[in-house]
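Here is what TrEMBL records for this protein:
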- 125-493: domain 'Amino acid transporter transmembrane' (DOMAIN)
- 126-147: transmembrane segment (TRANSMEM)
- 159-182: transmembrane segment (TRANSMEM)
- 203-228: transmembrane segment (TRANSMEM)
- 234-255: transmembrane segment (TRANSMEM)
- 267-287: transmembrane segment (TRANSMEM)
- 319-340: transmembrane segment (TRANSMEM)
- 352-377: transmembrane segment (TRANSMEM)
- 397-423: transmembrane segment (TRANSMEM)
- 444-467: transmembrane segment (TRANSMEM)
- 473-495: transmembrane segment (TRANSMEM)
- 536-557: transmembrane segment (TRANSMEM)
Amino acid sequence: MSATISTNNSIELTSATFKNEMDLKEHSSEPRVGETEPWAYRPSRKLHDPNITFEEYAYYASLTRAEEKQITNSDPEVFKDSRFSLLNLKRFMDKKTSQTAAISSTGVLTVSDEEWLQATRATRNATWGAAFFLITTDLFGPMSVPWAISQLGYVPGSFIYVIFGVLAGYNGYQLWTMFLYLDSYRYPLKTYGDLAFRVFGPWARYLANIVQSVQLFFSVGLLILANGQGISQLSHGAICFAVCNLIFTLAGFLLGQIRTIQRFKWLASLSIWLNIAVMTVTMVGVARYPPNYDAAMAQNQVAPGQVTTSIGIREGTELSIRVVGLMQGIYSYGGAMLYCEFMNEMKRPWDFWKSFLCAQIFITVLYIFYGLFVYSYQGQFAVLVSNQGISVYVLQAATNALSIVSSLILACLYGNIGIKVLYSNVGVELLSFPDINTTKKGRYLFAALVPLYWALAFVICSAIPNITNFSALIASACVIQFTYTFPPILMLGFAAQKDAALNGEGFDAITGRTIRHDSGLKRWARGLKQTLKINTFNAVLFLGSICLSIFGIVASIELLVQTFANNPAIPSFTCVSPVL
């Protein structure tokens, strides 16, 4: 295929360079695009059309990556902004929008398609720094680390957080690899479900969207519960605990009206610094004052006594409690479900590796340092929301106030994406709801769904007000899937299709057909053999994650039942605070 197209910007790419044997290394070479149809035209088929083949997704993704690289090379301002200006998007977008609009009307693209392409590019305006703040806001939850280490001991606890951090980074790399290979302007990859769809088909998309919706919904509920406890401490128990949860919920009604992730970028930065401030004050509080024995007794039934720590797992600790401690480690790294959303809004998704690598290192180091520090002073009296284990009211109140603001930002981010996932997959596809961003009716519906979503989350968290085991249950059922279970199995399916290509196979843009010489298990087996060691490791990681998920679900449910049976202070919709 030697036919080419060109614009005034002299973009020229060769599709032959990006056959099915294309790998990520080839993205770093100078690509050449060429095909007879204007590849930037808006898609004529539905985004989730099962007739679109893996090879077609990869073909158009190669063209999109090539254009991103060409634009970056031709304009040093793009590189400068993406590297040094973490959140300064406006000047960059104004410049690139004017360049896009300057494409000659005598070129291959028609005016309407130029406008469509410009609109598509305009939705991708985040730098890697902005993505770093969003990832860190999503992932960063250090408050549970001391409690988890108190259940596991110094060495096992530290080891678990390092291993989970490394594996989370590895799986983030795999998601990034698949995104670059399958996302394009023509077929944008917007969600985790979209990625699952392109690898395994419709059933995988439905599964991913359901699990993602459940996790986002219950994450909002857990944040309501955690900050209801904070409000309860601020009021010295004068306000009914269920009402404390309601106060945080009402705040979510208001801030949750923000519709676009881009508008969360400065809030995301604020949330990170608030979390660091809470950590700092908490470390000062636990180092200078005794533990909050009342909170430890109310939440974990630990009687007052001398602070003790352990190198390994304490003797007499039940297996189910150890598993719940393990699940808290997993919950601390549970943010991979939003990686596709973040990459989809980046001007240059290739730079996402900087975002998640910096975020992963930053978070892992702080987790271990903070967890070991607090555990050293509080030992077995550490509570799940560690700042609530401070015994001095002034410091306790200060950290609770900061934590409430930080958690509200995160809860609204979760709620925003959770509502959009449900709206897109149920409202738009099944009920023909109007577009949420471009129509007035859609915006009104979004505004109405926000309080409904938060109200349901309030009901759930108030019905199960035991944050320790409830959060472990969500980690076991949902969080572990997106961070540790789904990425390796998706990578197996991805590698089986990508590496199975034979000479003469691939997508033909002229005819719109995909050529394959064989199909079925034989083809998949051939693909998996190409990188056998990596694929074997991914298979083991997938099976291990499934087993850990099952253990966690069983242990969490068992402890929830025991807690409600043995502790009458925490019935559903209780007015009694679980931390006083």
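Any Cβ shown, glycine's included, is placed from N, Cα and C.
Keep in mind that what you see is a predicted model, and the values were worked out from it rather than measured.
With pairs at least 6 apart in sequence, the transmembrane segment (234-255) and the transmembrane segment (444-467) have 3 or more Cβ pairs within the 8 Å limit; the two touch. Contact between the transmembrane segment (397-423) and the transmembrane segment (159-182) is not supported: fewer than 3 Cβ pairs lie under 8 Å, counting only residues 6 or more apart in sequence. Remote same-chain residues near the transmembrane segment (473-495) are listed as 167-168, 171-172, 174-175, 177-178, 181, 192, 195-196, 199-200, 208, 211-212, 214-215, 218-219, 222, 327-328, 330-331, 333-337, 527-528, 530-531, 534-535, 537-539, 541-542, 545-546, 548-553, 555-557, 560 (criterion: CB distance under 8 Å, separation of at least six residues from the stretch ends). Tallying C-beta pairs under 8 angstroms between the transmembrane segment (203-228) and each of 126-147, 267-287, 319-340 places 319-340 first. A Cβ distance under 8 Å defines the sequence-distant neighbours of the transmembrane segment (126-147), meaning residues of its chain 6+ beyond its ends; these are 81-83, 85-89, 92, 161, 226, 261-262, 264-265, 268-269, 271-272, 275, 278-279, 325, 328-329, 331-335, 338-339, 342-343, 345-348, 351-352, 354-356, 358-360, 362-363, 366-368, 370-371, 374-375, 378, 382-387, 389, 403, 409-410, 413, 468, 471. Remote same-chain partners of the transmembrane segment (267-287), defined as residues 6 or more beyond its termini with a Cβ less than 8 Å from a stretch Cβ, comprise 87, 130, 133-134, 136-137, 140, 142-143, 366, 370, 373-374, 377-378, 386-387, 389-392, 395-396, 398-399, 402-403, 405-406, 409-410, 413. Within its own chain, the transmembrane segment (352-377) is flanked in space by residues 128-129, 131-132, 135-136, 139-140, 142, 145-146, 148-150, 154, 157-158, 161-162, 165, 168-169, 172-173, 176, 179, 276, 279, 282-283, 286-287, 291, 307, 309, 332-333, 339, 342-343, 346, 386, 389, which lie at least six positions past its ends and keep a Cβ under 8 Å from the stretch. Taking Cβ pairs closer than 8 Å, the transmembrane segment (234-255) reaches residues 220, 223-225, 227-228, 393, 397, 400-401, 404, 407-409, 411-412, 415, 450-451, 454-455, 457-458, 461-462, 465, 573-578, 580 in its own chain, all 6 or more past its ends.
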